[in-house]
Amino acid sequence: MASSASRFIKCVTVGDGAVGKTCMLICYTSNKFPTDYVPTVFDNFSANVVVDGTTVNLGLWDTAGQEDYNRLRPLSYRGADVFVLAFSLVSRASYENVMKKWLPELQHYAPGVPIVLVGTKLDLREDKHYLLDHPSLVPVTTAQGEELRKHIGATCYIECSSKTQQNVKAVFDAAIKVVIKPPTKQRDRKKKKTRRGCSFFCKGVMSRRRLVCFK
């Protein structure tokens, strides 16, 4: 029990400003939905969580999506085990920025770290009054979310609503599972990297060449 509880998982949420990252974190950790928008006021959270019989110490990091934080935000990426990359189902711009901004940023600062793609504000996509008030709005469909997941290589795609708490727990359960039980392809990539490093090292020793790096 002690050994499993000592497993620490750092989960970092990223995505455009105002897509609901902070609300999702507050909802998950306190079962409350903040009615007012307050940009990124979530304190880092850490607690023991049990998923599929495994106890882990889950650490949650919130980040600001605004451009003013572009230099500071990557500091939170160091040591991340998994990213929750969020966009709003009622914001086409935030959906498009997953490919334009967030994937390049994560690949640059944290290559190889698994991503859970999340579509937030599910309740608004199905809210007729909200859609009538925003006649030019074209919500993101589930199929489009799945297509984006394939494009960026995310481990899974989940749609959630912090207001109704629908699938909020599922988001972070998925983030934990991808770390403690990596997908087969991810494990295979790690094994291949290890084999390539060993092969390169052995060849270097055999030929008595000076090694300056591992590939």
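Including glycine, each Cβ sits where the backbone N, Cα and C put it.
Per Swiss-Prot, the features are as follows:
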BINDING   15-22, 62-66, 120-123  GTP binding site
MOTIF     37-45  motif 'Effector region'
Exercise. Looking at the binding-site residues ALA18, LEU122, which one has the fewest other Cβ atoms within 10 Å of its own Cβ?
Worked result: ALA18
Exercise. Under a three-state reduction of DSSP output, how is GLY15 (GTP binding site) classified: helix, strand, or coil?
Worked result: strand
Problem set entry | Cβ packing number for GLN66 (GTP binding site), 10 Å threshold | 13
For this session: Tally every other Cβ atom lying within 10 Å of the Cβ atom of LYS21 (GTP binding site).
Result: 28
Exercise. Over the motif 'Effector region' (37-45), what is the model's average pLDDT?
Worked result: 69
